[in-house]
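Some features that Swiss-Prot has for this protein:
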- 6-111: domain 'SSB' (DOMAIN)
- 55-61: DNA-binding region (DNA_BIND)
- 113-172: region 'Disordered' (REGION)
- 119-153: compositional bias 'Low complexity' (COMPBIAS)
- 167-172: motif 'Important for interaction with partner proteins' (MOTIF)
C-alpha cells in the first residue's frame, strides 16, 4: 500500500496575543492564535549571540478553542500538534492572497506549559494548590482535560501547602 503522506506540525512557543474566539453558525468555537518560536545561536567569528523568532498562525477548533479562550493569555507557553493548511482568498483589489496556518482540530493536541499567565483573568487569586490550566493536555474534542484538573472543584485546604511545586500524578 502506498503512503499518502504525513502532514503533522509540532510547535512549542509563546502566545503573541490573547486568543480571538468566534463561533460558527453550528455553534462550534474557532480560536485564532499567534505563536512565537525562537532559536538562538552564537556567531563563530565574533561570539555574539543571535536570535530568530518565527511567528505562526494557529487555528484551533471545537472544545480546544473554548479551552484556549479560557486559559491561554499573551505570553503563555503552549505545545501544539496540528496540520499545515494553506488558504487562498482574493483581496479587495482582486489580488490572490495566501496564508499558511497550523490547524488544530479533533486529531490535534494542545498542552499548556509553565505557569506564565495560565490563570483565567476573571478568576480571583487562589492558593497554589492547583494551578488552573497548568499542564492541562487536550487531545481532540473528546477529552476536556487530563489529570487532576478534570475532577470536581475542591475546597481550599485549611493550611497552606509546602513550597515545593511538582505533580505526583505525572505518568513517567
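Quick reminder: no glycine exception, Cβ is built from N, Cα and C everywhere.
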Counting only residues 6+ away from its ends, which parts of the chain sit with a Cβ under 8 Å from the DNA-binding region (55-61)? 11, 13, 16, 19, 28-37, 68, 80, 82, 99-106, 108, 110, 141
Average the per-residue pLDDT over the motif 'Important for interaction with partner proteins' (167-172) and send me the rounded value. 49
Do you know the DSSP helix, strand and coil residue counts for the domain 'SSB' (6-111)? 9 helix, 64 strand, 33 coil
